[in-house]
Every structure is written in structure tokens, then in C-alpha cells.
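Engineer: Pasting a structure below so you can have a look.
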Amino acid sequence: MFRRTFQPDRCAPQGEPVPTEPFQNPADDSADPVFDQEQSHLAETYAKLQQIGRALVRKMERAQREAAADKKAMAEELAPNFATYADAMETYADFAAMNRVIDGYNLAQDADAAELAKVELLLKQPYFAKVALQFKPGQEPKELYIGTAGISDENYRRLVVDWRSPVAETYYNQDNGRTSYVADGRTITADLKLRRQFDIEEDRLNAYFDTTVAIQDSLLLASLSKQRTAQMKAITATIQKEQNTVVRHEDVPVLLVSGIAGSGKTSVLLQRIAYLFYQQRGSLDASEVFLVSPNPVFSHYIASVLPDLGEHNPESLTWNEFARRLLPPNRGSGDVDVSLAALARIDRAVESFEFDANDFKDVRVGEKRLIAADQISKLAEKLGRIPAGPHRITLMREELHARLESRLKQMAGTDEALDELEALEADEQLRIFGEFIAPTDEQEERALALRYLTDRYADAFAAVENDAWLRIDRIGMRLLETDGLAPLEWLYLKMALTGLGNPDAKYVMVDEVQDYTAAQLAVLARYFRRAHFLLLGDPNQAIVPDTATFDEVREVFQAARGAVEECRLMTSYRSTPEITALFASLLPSEEQLQVSSIQRADEPPTVRAFGDDAYADALHAAVAGARAAEGLAAVIVPWKYEAKRLQALLGDDAPPLLDERGELPESGIVLITLKLAKGLEFDHVIVPDASPRVFPADDDLARRRLYTTLSRATRGIAVLARGALTPLLEGAAS
Ligand SMILES: Nc1ncnc2c1ncn2[C@@H]1O[C@H](COP(=O)(O)OP(=O)(O)OP(=O)(O)O)[C@@H](O)[C@H]1O
């Protein structure tokens with residue numbers, strides 16, 4: 001066992017790019033009563049956790065046995081009798097009573113299973129910090145151990161306090177002495193007598209750190225000195241003060257976070273989701289939270305963070321996935337830019353609009369017409385007193401649904417349907433009915449025919465529900481007097497006309513918000529019309545042309561939700577001070593001053609231009625060096641065709657190209673386009689060609705692409721250029 005007690009004497013003040021000393025391990029084995037005390041407290045807590053876990057397992061096994069026995073007894077007692085109406089009612093009541101008993105068992109089992117999951121989580125690391133709070137002068141300070149989840153023993157004594165509980169804020173505030181937190185709307189003040197951090201694995205205490213200076217965070221330094229992994233990690237134990245402001249931010253309609261590369265935006269976003277789940281436990285469901293992320297590789301990269309925190313993952317979707325679900329097939333994914341003015345024009349046009357007879361189309365499946373367009377038009381006329389818009393469309397949709405059902409009922413009695421039913425293959429019967437069918441009378445046969453037709457014409461029901469009977473293009477072209485709608489105009493018009501959207505979403509988190517156009521954001525704001533938004537991004541990482549500036553982001557969300565609150569994150573936790581200085585050199589000078597890095601220093605970046613002859617050798621050497629180094633390396637190219645060029649040049653030496661469906665390996669080297677590398681990080685990065693051809697000096701988009709590329713590196717970076725080096729990196733050449 002080794003012990004570490006580390007008190008760094010230097011901290012990085014805000015706004016000054018000063019690296020902090022690397023984490024040190026003095027391997028001090030001399031007797032330390034505090035260490036021994038904490039180790040025995042840990043052993044005690046660990047044993048209690050095991051005891052709670054074992055008791056829960058026993059309780060769940062017992063409940064399962066009792067449930068099975070009860071169910072058996074009730075089923076035996078149950079004598080289904082449908083002879084008369086009264087008998088049938090009594091039978092139903094018996095069934096309902098049995099179901100209630102089973103539901104009761106299930107509910108208790110679910111609660112115990114959730115508690116057991118907490119215990120299992122805590123057994124990996126029971127807690128990571130302790131605070132001693134004195135609430136009144138002269139009073140004994142109260143010691144609280146803070147962990148990933150909260151748990152009490154059988155006497156309701158708190159063993160571990162959840163990191164999201166109000167009192168745990170005193171740990172994240174990083175204020176020694178007078179501090180406060182808010183619980184149930186009340187501000188509670190206390191004296192923070194001790195703030196102790198722990199490095200713990202299961203029941204083993206590796207080290208503890210007492211932090212006395214507000215900004216120093218030994219655990220953070222220790223955590224940052226560990227190697228990057230193929231999956232993102234939770235930062236629960238080391239959330240920094242500025243990050244905590246976002247994580248615990250009051251629930252506002254829109255929170256916009258702008259942060260430099262590596263400042264923890266994505267980490268903070270995931271911690272905030274976990275925080276919201278805790279705060280609204282029992283009322284917020286994972287299906288009500290959406291995470292809009294840049295690409296599928298990124299979704300995979302972050303997928304394990306929330307489960308590691310004991311929470312469910314919300315639905316994660318890319319813009320393309322979102323748009324493709326809503327747009328008609330072959331319509332693209334709405335990445336063609338449309339101005340906000342064009343969307344405003346749609347809103348205005350819809351205000352005073354009436355259908356005309358040709359605005360509708362048949363509801364068909366294949367050749368079969370189930371509802372004719374002129375019937376729909378007549379229905380629209382019949383409801384003409386209601387303004388043409390979401391309310392009228394909802395009534396029409398309900399009516400069309402009813403008409404479709406009665407049409408199928410009528411078809412179910414025809415010889416044609418009954419013949420089709422009889423001719424059904426065995427596997428089709430199993431798929432539709434879950435069993436082989438052998439109707440014994442006409443009534444049963446008709447009922448089966450109706451189920452068969454409902455299955456066969458399922459697309460018609462979907463068309464009714466999706467309002468596919470509306471000719472959105474035609475309506476839009478007439479209203480806007482154009483000869484075609486862009487995909488986003490189509491979608492926006494459909495939302496305005498029909499009320500299409502998800503009113504149940506409570507939170508929508510958009511990472512890399514700088515990569516969306518203003519119109520895309522307006523669509524998201526309207527689609528998730530009741531949701532609160534958390535938007536995170538970095539204006540300097542806008543690498544796609546025509547995307548929204550932060551001013552436009554504000555404009556869109558102010559219009560949609562009234563107000564936008566903002567936070568900034570200016571410290572890089574990802575990159576060494578040298579790499580941070582390299583990418584920060586591409587920022588406007590007033591911003592450069594505010595950027596700092598917390599990481600320890602490592603190998604200095606290499607930035608070199610090579611003549612044509614030497615270039616290929618230099619590239620081979622850089623790839624070989626990165627391949628041999630520890631961790632994961634990436635050769636990042638701006639576009640796919642640059643990847644092809646590189647593969648041709650490197651031949652067998654070329655690293656494998658990661659595609660949209662790929663996953664990051666644990667180690668080795670990959671070739672990746674910037675579009676996919678966004679949001680990810682690598683121990684070593686190679687920029688294969690930083691020449692003016694790839695990164696022209698007078699091009700702001702190129703500057704941001706270079707900034708984004710360089711800032712993917714955590715420890716080492718090699719920048720090569722074929723011919724000359726881009727003037728953007730002037731002064732950086734090594
Ligand atoms: N408080 C923290 N404690 C430990 N590690 C942290 C902390 N904050 C951030 N990190 C680490 O810093 C790295 C960068 O974090 P993250 O990817 O969340 O930043 P980002 O702002 O989203 O970056 P970018 O915008 O460049 O993609 C990650 O490895 C993350 O684990």
C-alpha cells in the first residue's frame with residue numbers, strides 16, 4: 001500500500017496560462033493516523049455496503065418466492081366464469097385483484113433492484129470526498145462522505161451522501177470557511193472545516209488530500225494524469241467550480257454555455273443530465289430527455305458515462321437522424337441552409353390561410369385507395385369554421401382514423417378479405433395472431449379478418465397519423481409563391497400547420513451547438529416546444545460553413561423561449577499547456593489571455609514544414625512514432641478526400657480510416673476526418689498537412705478547422721506541412 005499526501009504550492013489563477021505542478025507520489029510510508037482512521041472508516045463503510053447488498057438480495061429472493069406462491073394460490077382459487085354478465089364482472093374483479101397483488105410485488109422488487117444497483121455502484125468506490133461542516137459555533141462539525149450515490153444504513157444513518165444532494169454543494173463550491181448551500185429553497189450557511197478528497201478503489205484507500213486553498217484540486221491533477229480511454233469518463237469527483245455552476249444551474253428555459261476546447265462542456269452536459277435525474281427523481285424519465293450530438297462515433301464515446309453514474313442514457317440522436325425521421329424519403333436531411341426570415345415568412349403565411357381542394361392526397365397502400373382525397377377535402381370544408389392549423393388538423397386526423405377503421409370493418413366482411421385470410425401461410429398466421437387460426441363461426445372469422453386487414457394496411461394508419469394526406473409541398477409553394485420548398489422549409493411548414501412536435505420532451509441538450517444553422521436550431525426549438533434547452537458550444541470550433549453565430553443562437557432561442565442565460569468555461573482540462581498555447585494562438589488576442597490549462601506539461605509540440613522529397617519520410621516517421629507511443633493516436637484530416645490522398649501516400653503504413661459506424665479502439669492509431677473527430681480526444685494527434693493549401697491564412701473557417709484539429713490532442717502533437725507552413729501557425733514552427 002502506498003500513501004499520498006500532496007499539497008501543491010502553486011495553482012493556476014484564472015486568465016493566466018500557468019500549468020500546475022504534476023501530481024506527485026511521495027510514496028510516504030511513515031505512520032499517518034489520519035490515513036489509518038480513514039482506512040478503517042472505509043473498511044467499515046464497505047462492510048456495511050456489503051451487508052446492505054446481501055440483505056437486499058435475500059429480501060428480493062424471498063419476495064420472489066412469496067410472489068410465485070401467492071400467484072399460484074390465487075390462480076388456483078380463481079374460477080373464471082363468464083356465464084352471465086354478473087359472473088363475468090366478478091371474474092374480471094378477481095383478475096384485477098390478482099394483478100394488483102402482482103403489481104405490488106413488482107413495485108417493491110423494482111425499488112429493491114434500484115437500491116441494489118446503488119450498492120453495486122458504491123462497492124466500486126464507496127465515496128470520493130468528505131466535508132466537515134460546522135453549522136453553529138462551538139458545535140461539533142458534522143462529517144459527510146460524498147459519493148456517486150447516496151445510501152443509509154438500517155437505522156437511517158447516512159453512510160454516503162449523493163454528490164447531487166444540496167449539502168454536497170459545499171464540496172464543489174471549493175470555499176473553505178464560510179460557505180452555503182440551498183435546500184428546499186432555504187439558504188443554509190455553515191463553516192467548512194475540512195474538505196478532504198480520496199483516491200479509493202473498492203475498500204482500498206490509496207491516498208487522501210486535504211485541500212486548504214480554494215482553487216487547488218489534487219484529485220483533479222491525479223485524474224488528469226491518468227491516461228485517456230476509448231470512452232469518456234464521469235468527472236463527478238473533480239467537477240470544478242465554474243463547471244459546477246452549469247451542472248447545478250437553476251432550471252431555466254435556455255442555458256447557453258460557451259467554452260474553449262477541452263473545457264469540459266460535454267462532461268458537464270452529462271453530469272447535468274445526471275443532476276436533473278436526481279433532482280427530479282420519480283418525475284423525470286429518460287425518454288423525456290434528448291441529447292442532440294454531432295455524430296454516431298461521438299454518441300458511442302459518451303454512452304457509458306451516465307450508466308456509470310447509475311443513470312439511464314437519454315435518447316441520443318444526430319441532426320440527420322432527427323430530420324430523416326420527419327422528412328419524406330429522398331428529401332435529404334435538411335442540412336441546406338434556410339434563413340430565419342424564410343421561416344418567419346412561413347409563420348406569417350400560416351396565420352391567414354385556407355385549404356384548397358387540391359391540398360390533399362389519397363390515403364393509399366400500394367394500389368388500394370382507402371380514403372379518397374376529395375373526401376378529405378370535404379371534411380376540411382365541413383370543419384371550415386375552425387382556423388386551418390393544428391387544431392383543425394387534429395380533428396381531421398381523428399376523423400380520418402375513425403373512417404379508416406370503419407372502412408376496414410366493412411372490408412372484413414367481404415369474400416375477398418375472407419379468402420385472403422384463409423390463404424394465409426402458417427408463418428404469417430403466427431406473425432399476425434401469435435398462433436395458428438381455426439375460426440369456428442362467422443363472427444370469429446370476421447374478427448380475425450379485421451385483425452389481418454389492420455396489419456395489412458398498417459401503413460394507412462401511419463399515413464393518417466403522420467398527416468401524409470396533406471400535400472405540404474403544394475401548400476407551401478402556394479403560400480410562399482415559390483416553385484419548391486427546401487427540406488427545412490417543408491419541415492417547418494408541416495410543424496406550423498399540423499402542430500407536429502414532441503410536447504413531452506422536458507430537456508433537450510445540444511452539444512457542439514456552433515455546428516447547427518440558425519434554421520436548424522429554430523426547428524429544434526419548435527419541435528421540442530415545451531422542453532428546456534441546454535446548449536453547449538465553442539464559436540471557435542464552428543467548422544461547417546453558414547452555421548449560427550452565438551448571436552444568432554441567442555436570437556433564435558430568445559424568440560422561442562423569451563430569455564437565454566449564459567455561462568463561460570475558459571480552462572482547458574484536456575491538453576497540456578503547450579498544446580493549449582498552440583491552439584489558443586489561433587484565437588483573437590483578447591480571448592487568448594483568458595485561456596488557461598490545468599494539465600501537466602508533456603512533450604513539446606512539433607510544427608515543421610518539409611520539402612516534397614522529405615515530406616513522405618517525415619510523415620512515415622510521425623506515424624511510426626505515434627504508433628509506438630502509449631495510448632491512442634489519430635491522424636486528423638479535414639476531409640475524406642484528404643484521407644484518400646494520405647492512404648495513397650502511406651500505402652500499407654496508413655492507419656485504418658474510421659467511418660461513421662466505427663468505434664474508437666483503446667490504443668493504436670486511426671485515420672479520421674475532422675467531422676468525426678469533433679468532440680473526441682486522442683493522446684497524440686498528427687496533422688498531416690498544415691500547408692496554406694489546406695489551411696489558407698485569410699480564411700476564418702480554415703482557422704477554426706485548425707483550432708479544432710489541434711485541440712483534440714491531450715499529450716502530444718505533430719504538425720507537418722508539405723511545402724510551406726500555413727501563416728496561421730506563424731511563430732509556432734519548431
Ligand atoms: N473537472 C474535470 N475533472 C477531470 N477531468 C475533466 C474535468 N473537466 C474536463 N475533464 C476532462 O477534460 C477532457 C475534455 O473534456 P470535454 O470533452 O468534456 O471538453 P469539451 O469542452 O466538450 O471539449 P471540445 O469542445 O473540445 O470537444 C476530457 O478528457 C474530460 O474528462
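Including glycine, each Cβ sits where the backbone N, Cα and C put it.
If you look up TrEMBL, you'll see 1-33 marked as region 'Disordered'. Among the features that TrEMBL reports, coiled coil is placed at 46-77. Per TrEMBL, the feature domain 'UvrD-like helicase ATP-binding' maps to 238-576. The ATP binding site annotation in TrEMBL covers Gly259, Ile260, Ala261, Gly262, Ser263, Gly264, Lys265, Thr266.
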Engineer: Within 8 Å of the Cβ centroid of the ATP site residues Gly259, Ile260, Ala261, Gly262, Ser263, Gly264, Lys265, Thr266, which other residues of the same chain have their Cβ?
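Structural biologist: My list of surrounding residues reads Asp538, Leu569, Ser572, Tyr573, Arg574.
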Engineer: Under 8 Å Cβ to Cβ from Lys265 (ATP binding site), same chain, six or more residues apart: give me those in sequence order, or none if nothing qualifies.
Structural biologist: Val257, Gly259, Asp511, Leu536, Gly537, Asp538, Leu569
Engineer: Look up Ile260 (ATP binding site) in the DSSP assignment and reduce it to helix, strand or coil.
Structural biologist: coil
Engineer: What average pLDDT does the predicted model assign to the domain 'UvrD-like helicase ATP-binding' (238-576)?
Structural biologist: 92
Engineer: Within 10 Å of the Cβ of Thr266 (ATP binding site), how many other Cβ atoms can be counted across all chains shown?
Structural biologist: 25
Engineer: According to DSSP, collapsed to three classes, what secondary structure does Thr266 (ATP binding site) have?
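Structural biologist: For Thr266 (ATP binding site) - judged by DSSP and reduced to three states - the answer is helix.
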Engineer: Quick one: of the binding-site residues Gly259, Ile260, Lys265, flag those whose CB is under 6 Å from ligand 1, and say none if nothing qualifies.
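Structural biologist: Close enough to ligand 1 are Gly259, Lys265.
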Engineer: Hey, which of the binding-site residues Ile260, Ala261 is the loneliest by Cβ count within 10 Å?
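Structural biologist: Among the binding-site residues Ile260, Ala261, the sparsest Cβ neighbourhood within 10 Å belongs to Ala261.
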Engineer: Give me the count of other Cβ atoms within 10 A of the Cβ belonging to Gly262 (ATP binding site).
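Structural biologist: Here the count is 27.
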